[in-house]
Amino acid sequence: MARGPLVLLLWISACLFLSFRASCFYLPGVAPQDFHKGDPLRVKVNKLTSIKTQLPYSYYSLPYCTPKQIFDSAENLGEVLRGDRIENSPFEFKMREPEMCTILCRKVLDAKMAKDFKEKIDDEYRVNMILDNLPLVFPIQRNDQESSFVYQHGFHVGLRGQYAGNKEEKHFIYNHLTFTVKIHKDPETELSRIVGFEVKPFSVKHAYEGSWTETTRLTTCDPHAKRLVTNSETPQEVEEKNEIIFTYDVEYLESDVKWASRWDTYLLMADDQIHWFSIVNSLMIVLFLSGMVAMIMLRTLYRDISKYNQLETQEEAQEETGWKLVHGDVFRPPLKSDLLCVYVGTGVQFFGMSLVTIIFAALGFLSPSNRGGLMTAMLLLWVFMGLFAGYTSSRLYRMFKGTEWKKISLKTAIMFPATIFSIFFVLNALIWGEKSSGAVPFGTMFALVFLWFCISVPLVFVGGYVGFKKPAIEDPVKTNKIPRQIPEQAWYMNPTFSILIGGILPFGAVFIELFFILTSIWLHQFYYIFGFLFIVFLILIVTCAEITVVLCYFQLCSEDYHWWWRSYLTSGSSALYLFLYAAFYFFTKLEITKPVSGMLYFGYMLIGSYSFFVLTGTIGFYACFWFTRLIYSSVKID
């Protein structure tokens, strides 16, 4: 008995060690690039993003300065689905050659240009750029640590403010950018590698003497006079017919950070102490609770099985009570067994995709430097996991004495993806109506349909064929021809009540991590703590399995043998709590005001909750399936 707590303690220690290692370990993903002094550095611009609208727009949707010709960078499937639109820019950097007050261009705003800038400033849009595959960040000093910074993606298009002595609110644009390129220099070869890309934006109403020409020198910012922009005391107002001059500085700062560790500062969690405490606390509570439940179940079941196996006479057998009474009905196929097979097969597909993705991410193979890599990997894994979905659904279908394996394979291949694709198509139409770059192009939509019908569907049929040809799973006890009448159940054994109660514990195991995931998605913050996520995923599996087994045992003891669907819905009901938490997060943490943005949020969270339902429901079903087969094969049935 003393080995149990020791094993549990060792397992917890291993989990914590893994979470610590994996939370800060990653593979850079691309080869380092060395630069000589004077080598040109290509600055690229990415989408404009806002946490208020959640609708990305391309950089050149605003009347910023443009290069002579705009080129789109090659983007993978994940980048397109994320709404990334990476293009070249007019910024010209040269390695280790600082620049002061370089003039990009001069713009005179018309009514439409001023209106576009004002709208983006009102919606708090941020400009995103990329240099050597590193995103541009704006450093913010942490209040608790003077030498520590939190990094935000990009910089705001502008800000709203008031002139001194005037209550009228004005719009001001950030038209001067001070870039800091952090480099790690090799003292022997004099080659440099880029390890950081930061910006400080300023709003400056530039002035100059005489009329504007290409050789005009500014009086507010002059490299010859060593006059730099260090504040926004005379900001540039956004109004029709106003003249805006866009300028920038570039400084190079040597850093001790090596190229392989350059993402570490970006991925540092701002509230890491709270995160650690919450995760460890949740881990300890859930694991010890699960251990207690498991011990109770094992002792109770052991006593029941021993008692049932000691019954000798027919009279004693007739007087027996509890779960053994329903042995002749417990494996009776449920209503709508075809649908159950489809959902279980889909859940296995989703489980396989989630598990492999989280493991690869925790080991560092899905590097943050590979934008869109995570989403691309998830899509491809989903497609290839169709093989296991078809196998599982047809195997279960064969056990239910089904004969039409092609029909069940087709339903497995079509039902869940069609539901998700329909919601996604409607949401994409809404994004397209807003002229956002987040709208998936028809070419990408065709690629998704190709992956679905030309790869996933055939694989589901291959798995279905293999699963159906296998010998059917034999029930451990025979099923009676006439169904047994179920006695009246206590109020707490009501299906709706027990299903809703069953979803609380699995949701409780993940809701802390869910907060960080939602923050990463909707507040555009970095998330790369997949070590924690992997531990939480393991906890989710354990809690889904154990709560379903416990409630299934109570249900069978009440002589109710309709456990098939209830086992799926018990742990699957945690998806309802997930959606309710998403609604709570929307109203308490987000500042979304546009109806379209709200519809996008709830649409995507509906997809996420539905997927979570399929995943957790399948885990609970298989736990209960294993449990019932185990206990009924352990007793002597006359």
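Even glycines carry a Cβ here, placed using N, Cα and C.
Features as listed in TrEMBL:
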SIGNAL    1-24  signal peptide
TRANSMEM  276-298  transmembrane segment
TRANSMEM  340-366  transmembrane segment
TRANSMEM  372-392  transmembrane segment
TRANSMEM  413-433  transmembrane segment
TRANSMEM  445-468  transmembrane segment
TRANSMEM  499-523  transmembrane segment
TRANSMEM  529-556  transmembrane segment
TRANSMEM  568-587  transmembrane segment
TRANSMEM  599-627  transmembrane segment
Same-chain residues near the transmembrane segment (372-392), Cβ under 8 Å, at least 6 residues beyond its ends: 29, 75-82, 84, 344-346, 348-350, 352-353, 356-357, 360-361, 366, 409, 412-413, 448, 451-452, 455-457, 459-467
Which of 529-556, 568-587, 599-627 contacts the transmembrane segment (499-523) most, counting Cβ pairs under 8 Å: 568-587
Folded-back contacts onto the transmembrane segment (445-468), same chain, C-beta under 8 angstroms, at least six residues removed: 77, 345, 379-380, 382-384, 386-395, 397-398, 405-406, 408-410, 412-414, 417, 421, 425, 428
Winner by Cβ pairs under 8 Å against the transmembrane segment (529-556), considering only 340-366, 568-587, 599-627: 599-627
Contact check, the transmembrane segment (413-433) vs the transmembrane segment (568-587), 3+ Cβ pairs under 8 Å, seq sep 6+: no
Distant-in-sequence neighbours of the transmembrane segment (340-366), which means Cβ under 8 A and at least six residues beyond its ends: 18, 22, 25-27, 334, 373-374, 377-378, 381-382, 385-386, 388-394, 396-397, 400, 402, 408, 411-412, 415-416, 460, 528, 530-531, 533-534, 537, 564-565, 568, 611, 614-615, 617-619, 621-622
Beyond the flanks of the transmembrane segment (568-587) by at least 6 residues, Cβ under 8 Å: 340, 343-344, 498-500, 502-507, 510-511, 514-515, 518, 522, 544-545, 547-548, 551-552, 598, 601-602, 605-606, 608-610, 612-614, 616-621, 623
